[in-house]
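Structure first, commentary second.
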Amino acid sequence: MMRPKVAMIGGGSWATAVIKMLSDNLTEKDIYWWLRDTEVIEHLKKYKHNPKYLSSVEIRIPESHISDQLPAILEPVDYVILNVPAAFLKESLRGVTPEMLAGKKIVSAIKGIVPDENQIIGEFMQEKYGIPKEDLIVISGPCHAEEVALEKLSYLTISSVTLEYAVEFSKLLNTRYIKTNVSDDIYGTEYAAVLKNIYAVASGICHGLGYGDNFQAVLISNAVREMKDFVDAVHPIDRDIKESAYLGDLLVTAYSQFSRNRTFGNMIGKGYTVKSAQLEMNMIAEGYYATACMHVINKKYKVDMPISRAVYAILYEKNSPQIEMRLLTEKLI
Ligand SMILES: NC(=O)C1=CN([C@@H]2O[C@H](COP(=O)(O)OP(=O)(O)OC[C@H]3O[C@@H](n4cnc5c(N)ncnc54)[C@H](OP(=O)(O)O)[C@@H]3O)[C@@H](O)[C@H]2O)C=CC1
Ligand SMILES: O=C(CO)COP(=O)(O)O
């Protein structure tokens, strides 16, 4: 490929962080950015910073490459990075046809499930847009946008069944502070990233209820087993769940002060309602939506998932967090 052209779809903190990586990476490339908010676009063009997320990051993209007109952003590019919370993916792609995406590599940076469809992003893009499995790429791994802004060393896993595409794309992200590795496990890495958000909500709820670090360690040990049982049931291949795309992402999200999902769970544990916790945050906790989707998806696989079940009972059946977590403590080892 001569000079790669990459489109970012989404304007949140992770989109801003990945734009920074692409800009700091030394491979010559053209970056295009779609955001829905026209005021943010004006600000970006005038002041070169995103006023809403990671506002310290300097944006070095030509003004003409930033727009709320999705077809124009998609037209010239080779790679399309999907980077909106899964709950807003359909809305963000409204008006996009399979023809507009044909021949492009579709990169999911999303860690969530498309509501109503109950599909991970790779499945959704294959089914709704006819994207061949071979053209899908997944970005995962333990990496908070806030630490990217601070240029703290972080590791990403780039997955594709076409390993050569994973390698090619990873070469656009490597920087002084970003290291990448590749994998062909597009389903396992996507599902693991979805599940870790649910476990981070559980971790936050327990913290909010007053459980200590000793218990958190047991919770997360059980969570990694639950994660393994589920991804092995959905896509049984030989994988090491201790790799950073699986266990690593679970650990960072369950313990980091930057975790959206843990913060959300913590508020639920402290007695906030779902609505008030969501209003308190200016960011999206994917785990809230994923909990309902996974509940439906697991009706097919019937994996024993006591932690996910407890979070579902708290968030969607309005059961008491105290009681549900006490019941859960009886099931952990
Ligand atoms: N943040 C992180 O560190 C990481 C996030 N991810 C994943 O990246 C994806 C994007 O999340 P992230 O960047 O964190 O999101 P943020 O919480 O930072 O930002 C929220 C995004 O959602 C958009 N949004 C909010 N409400 C709506 C709506 N009603 N319709 C359409 N869009 C809406 C916002 O647009 P607007 O500003 O216009 O309201 C904004 O782009 C998620 O799947 C997340 O799991 C993955 C790795 C790390
Ligand atoms: O996926 C993430 C970090 O790898 C971000 O999710 P949280 O903010 O919930 O931790």
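Any Cβ shown, glycine's included, is placed from N, Cα and C.
The domain 'Glycerol-3-phosphate dehydrogenase NAD-dependent N-terminal' feature in TrEMBL is assigned to 5-162.
Same-chain residues at least 6 positions away in sequence with a Cβ under 8 Å from that of ALA145 (NAD(+) binding site) are, in sequence order, SER13, TRP14, THR16, ALA17, TYR53, LEU54, PHE258. According to TrEMBL, the NADPH binding site annotation covers SER13, TRP14, ARG36, TYR53, LYS111, ALA145, ARG260, ILE284, GLU286.
Among the features that TrEMBL reports, NAD(+) binding site is placed at PHE88, ALA145, ARG260.
Sequence-distant contacts of ASN261 (sn-glycerol 3-phosphate binding site), defined as residues of its own chain at least six apart whose C-beta falls under 8 angstroms from its C-beta, comprise ASN197, ILE198, ALA200, VAL201, GLY204, THR253, ALA285, GLU286, GLY287. Residues annotated as sn-glycerol 3-phosphate binding site in TrEMBL: LYS111, GLY141, LYS196, ASP249, SER259, ARG260, ASN261.
Neighbour list (LYS111 (NADPH binding site), Cβ cut-off 8 Å, at least 6 residues apart, same chain): ALA86, SER140, GLU190, ALA193, VAL194, LYS196, ASN197, GLU286. The substrate binding site annotation in TrEMBL covers LYS111, ARG260, ASN261.
Taken from TrEMBL, the feature domain 'Glycerol-3-phosphate dehydrogenase NAD-dependent C-terminal' covers 185-322.
LYS196 (sn-glycerol 3-phosphate binding site) carries a helical DSSP state (H, G or I). As annotated by TrEMBL, active site, proton acceptor applies to LYS196.
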Among the binding-site residues ALA145, LYS196, ASP249, SER259, ASN261, GLU286, name every one whose Cβ is found under 6 angstroms from ligand 1, counting any of its atoms.
ALA145, GLU286
Sort LYS111 (NADPH binding site) into helix, strand or coil using the DSSP assignment.
coil
Quick one: Cα separation, ARG36 (NADPH binding site) versus ASP249 (sn-glycerol 3-phosphate binding site), in Å?
28
By DSSP, how many residues in the domain 'Glycerol-3-phosphate dehydrogenase NAD-dependent C-terminal' (185-322) are helix, how many strand, and how many coil?
103 helix, 0 strand, 35 coil
Mind computing the max CA-CA distance among PHE88, ALA145, ARG260, which the record assigns to NAD(+) binding, rounded to whole Å?
19
